[in-house]
């Protein structure tokens, strides 16, 4: 019996096989270095004009968010076909570049190529928002004329696109849906999603009940609709009926209860969630929920549990939790997340660092904010604006103006948000003339047209120092209608300088815009009281009563070791309210004369 030695294939055969295998996987590759290496091999083999390979390369570059490179690949092909054009249109659509997608479409027509049943769905993916509705309608007409609506993929894309164009778009989507001779699950789900996004829950539920066949997407979409509108009893009822559930189902319930302020039920749902369904997203939802409510102990405990489970925070999780800390002022949890970041590879992520900077700045820890700001290797405009705003609102106006000067020296061009921060800083620092100069420099120097927010800052700036005539002139000559913020700033200035007559006129304008805001009436009442015009005070209170406007109770909050505690006037909901009122009483009572000690 003889045995033969295995025949070894030449090296060029194995390298070609590897190359072909990589080409097969290319459209799914999101590693830019690997894509670039393969692109270099394609050019070396003179395959860059291959109409089978070029679309794959464009798809891979799209996943890597490198549309400029994708355009270069497209331009290297002398005679593109419809498939190649569709690939580039899709790449622009995936990367939120609608105008570039339509430019490729116009180039396609210049080449004499006809759109197919993939071209329009890719173009429709690029359109989103009410302003795109006329364009979508125009494409709908083209689709009908070309006879492409017989392919169910095309009307499904139209329904999805119409649904992203606001309430009017949803109506057009419904008209198309009702006309369709054939519908699949995607058609039903797209229409259901559109109704849910538009807040049309009754119509959405009717459609859901009519569905001939529901999949998990159908159930989750309807569940999300109830959760978004805080209708958690209906959401729970639907959740209980679900034939199957996944991570999205459980997360929607936890998020819904959390947003509705019912952290007890949010925790019940989280604890009931099967272990395989718990991922970074679900942990983030529950931690951020507790953080938003200022419940430090529970949030801290859950952070410990998540770390112990072996899961690691990703950028999205950190940003969400930091945003919740910012909203509630829960600085200690934000600092805890910061310490975790130092031990992870997220410490250099620009989005994470900006979120951390925002949290410290808004919570008033400006030293930490500056430390984070200085640690950001490549500061973008968001970093500068956040630091400027933090300094401005916390009374460090001069430091903010110095930072603005440094920003300009470093060649960073300010935007409209920058100038809101700068004007607020001038306001807090009493830099009136400088603030006026900055306001007028917006258009003269930076070609930025001031918006209503900037005019509001200018009115507040002038009003604070008693230059009310100038402030009124600004309001009268501004190019847009003054809003509640503008009139509110003027009313605040009237109170500061006891300008009763002007305040009456200002309130009349405020009432036209917002008749139910008790703060405006209270402010005018205080102005009358300061001027000892008690008839005016009585008149305002009478007006409030006749209109059913009630002044909300004043509230204050304090962060202690276990979280944030809030107190309102005559509130007895706190578990230790008896002890609190007893201590408050002892503080109010005058001390015993015998206990007084003379201070020399």
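Indices start at 1 and increase along the chain as displayed.
Cβ coordinates are placed from backbone N, Cα and C, and glycine is handled just like the others.
Annotation comment: Swiss-Prot describes 50-80 as repeat 'PPR 1'. Residues 23, 26-32, 35, 38-39, 42, 86-88, 90-92, 94-95, 97, 100, 104, 108, 111, 113 of the same chain sit 6 or more residues outside the repeat 'PPR 1' (50-80) yet have a Cβ under 8 Å from a Cβ within it.
Mean pLDDT across the repeat 'PPR 2' (81-115) comes to 93 in this model. Residues or ranges marked as repeat 'PPR 2' in Swiss-Prot: 81-115.
Taken from Swiss-Prot, the feature repeat 'PPR 3' covers 116-150. Beyond its flanks by at least six residues, the repeat 'PPR 3' (116-150) meets 82, 85-86, 89-90, 92-94, 96-98, 101-102, 105, 108, 156-158, 160-162, 164-166, 168-169, 172, 176 of its own chain at Cβ-Cβ distances under 8 Å.
According to Swiss-Prot, the feature repeat 'PPR 4' maps to 151-183.
The repeat 'PPR 5' feature in Swiss-Prot is assigned to 184-218. Mapped onto DSSP helix, strand and coil, the repeat 'PPR 5' (184-218) counts 26 helix, 0 strand, 9 coil.
Residue counts for the repeat 'PPR 6' (219-245) under DSSP (helix as H, G, I; strand as E, B; rest coil) come to 20 helix, 0 strand, 7 coil. The repeat 'PPR 6' annotation in Swiss-Prot covers 219-245.
According to Swiss-Prot, the feature repeat 'PPR 7' maps to 246-276. Here the repeat 'PPR 7' (246-276) has Cβ contacts under 8 Å with residues 216, 219-220, 223-224, 226-228, 230, 232, 235-236, 239, 282, 285-286, 288-290, 292-293, 295, 298 of the same chain, all six or more residues outside its ends.
Residues or ranges marked as repeat 'PPR 8' by Swiss-Prot: 279-313.
Marked as repeat 'PPR 9' by Swiss-Prot: 314-348. Beyond the repeat 'PPR 9' (314-348), the same-chain residues lying 6 or more positions past its ends with a Cβ under 8 Å from any Cβ of the stretch are 280-281, 283-285, 287-289, 291-294, 296, 299-300, 303, 307, 355-356, 358-360, 362-365, 368, 377, 557, 559, 563-564.
Among the features that Swiss-Prot reports, repeat 'PPR 10' is placed at 349-379. Proximity of distant same-chain residues to the repeat 'PPR 10' (349-379), defined by a Cβ-Cβ separation under 8 Å and at least 6 residues beyond the stretch ends, is recorded for 315, 318-319, 322-323, 325-326, 329, 331, 334-335, 337-338, 341, 386-387, 389-391, 393-394, 396, 412.
Swiss-Prot lists 380-414 with the feature repeat 'PPR 11'.
Among the features that Swiss-Prot reports, repeat 'PPR 12' is placed at 415-445.
The region 'Type E motif' annotation in Swiss-Prot covers 486-561.
According to Swiss-Prot, the feature region 'Type E(+) motif' maps to 562-592.
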Tally of residues which DSSP labels helix, strand or coil - the repeat 'PPR 3' (116-150): 27 helix, 0 strand, 8 coil
Remote residues contacting the repeat 'PPR 6' (219-245) - C-beta distance under 8 A, at least 6 residues beyond either end: 189, 192-193, 195-196, 199, 201, 204-205, 208, 252-253, 255-257, 259-260, 262, 265, 277
Long-range environment of the repeat 'PPR 2' (81-115) - Cβ separation under 8 angstroms, sequence gap at least 6: 51, 54-55, 58-59, 61-63, 65, 67, 70-71, 74, 122-123, 125-128, 132, 142, 146, 148
